[in-house]
Amino acid sequence: MRLRNGTVATVLAFITSFLTLSWYTTWQNGKEKVIAYQREFLALKERLRIAEHRISQRSSELSAIVQQFKRVEAETNRSKDPVNKFSDDTLKILKELTSKKSLQVPSIYYHLPHLLQNEGSLQPAVQIGNGRTGVSIVMGIPTVKREVKSYLIETLHSLIDNLYPEEKLDCVIVVFIGETDTDYVNGVVANLEKEFSKEISSGLVEIISPPESYYPDLTNLKETFGDSKERVRWRTKQNLDYCFLMMYAQEKGTYYIQLEDDIIVKQNYFNTIKNFALQLSSEEWMILEFSQLGFIGKMFQAPDLTLIVEFIFMFYKEKPIDWLLDHILWVKVCNPEKDAKHCDRQKANLRIRFRPSLFQHVGLHSSLTGKIQKLTDKDYMKPLLLKIHVNPPAEVSTSLKVYQGHTLEKTYMGEDFFWAITPVAGDYILFKFDKPVNVESYLFHSGNQDHPGDILLNTTVEVLPLKSEGLDISKETKDKRLEDGYFRIGKFENGVAEGMVDPSLNPISAFRLSVIQNSAVWAILNEIHIKKVTN
């Protein structure tokens, strides 16, 4: 009997292990298929972009030919002799082309006309590496000559040493040497080839530098915002460097993350970045931020680089790169007739911050000659005390007394946790959407690892449908209706409130958390996730 029971237990254990392995394999395969589909879709978008670019080029070339024909026609009007050199058909085509005045679409050459003087202006002068493509993440590192100390070798070691073997196959690190001094560039290349020969030969690391003809004349720039002439030149060239690097990197992967040559990284940074991006794959984000400093750790979807590069080229002489990025977001989503808070809420859906920071700035001596910069990311060493989600744009308010600047607005935007002094009956937390939203589910998590006892107690979750009458709802849902039109759909239990929203209540205008009894403790809200219905 014991043997039989042991046999049964062994069989059950085998079946359980087999089912678990099968489930994991199916889940992993599904995840890989999603990534593959995303890459195919992005590749298709990129091919369309290239086709449009080539059409634009052909249009410009045709326009140039038309201008040549016009000059020929002008000459024939002054002298009848050249006319005899052309056939009747050629003369007919000349007249048709010169009689049409097509509008010309502005291009990169409108903002950088000097590029037309040399056909190799947009081709790297130096290009070292295997030309790897099809990766998940491309990391761009611009580097220039520093008077005191270079941090490039240490930065690359930090990035590479914190990658697992399989991750080294799914990314490429592009080092952009933003100098035209051939001796200096060759010296940097030689050092990198000596230090990272294995990584270069495998395709993990690539090195490029621009041709001298890429840069316009930077000697007569207008001084703005109180910056010195040297600083204006430095930031202007920096904008051009970023653009060249982005244009080169765009076709290599799904995402592009901007780094600097004087940083260190956290362990498991690559997997964290990739998973965070996949988690937000259904959201219309434009920038994911993995550091709060300047342009460090800013990640973009590869197709968006076209818009970003074009925008920077339009204003590369006017402002620094981080200001220009903010202007792009403003142009895309901000309403001039609304206030600054509304604009910030809209931009927060395109610019999503991950905490804690994954990159830390370590360079003391700036690439701007004579500048000392003691910049460090204060979020780099912090533990994660809140969970970040992308929520629908909303105006938030509360009757609770906020403690030490831990506001509800920051929590809703994923910047901080909300901390309030002892709630009493009648207190509320309100999320009023900018426009009604079809909501699938909700999750509110109170307390955190530092203060696990500061949770919401005796608090209910309520929603306000857009329609106050004529709802096709069940008797059970109808009984949850309150006098002010809200419906009570859940409550906090052990500091957590989560559940599904009855589809018949959609679209929803607002969510409200209502305190129904006095609390004996303070309250922290560290996770808010109002999940929209996916199409």
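Cβ atoms are placed via backbone N, Cα and C, with glycine included.
Swiss-Prot assigns the feature coiled coil to residues 31-57, out of the candidate ranges 31-57, 85-111, 139-165, 382-408. Asn458 (N-linked glycosylation site) falls within neither a helix nor a strand when secondary structure is assigned with DSSP, and so counts as coil. The Cβ of Ser474 (phosphoserine) lies under 8 Å from the Cβ of Asp502, Ser504, each on the same chain and at least six residues away in sequence. Model confidence over the topological domain 'Lumenal' (28-535) is summarised by a mean pLDDT of 86.
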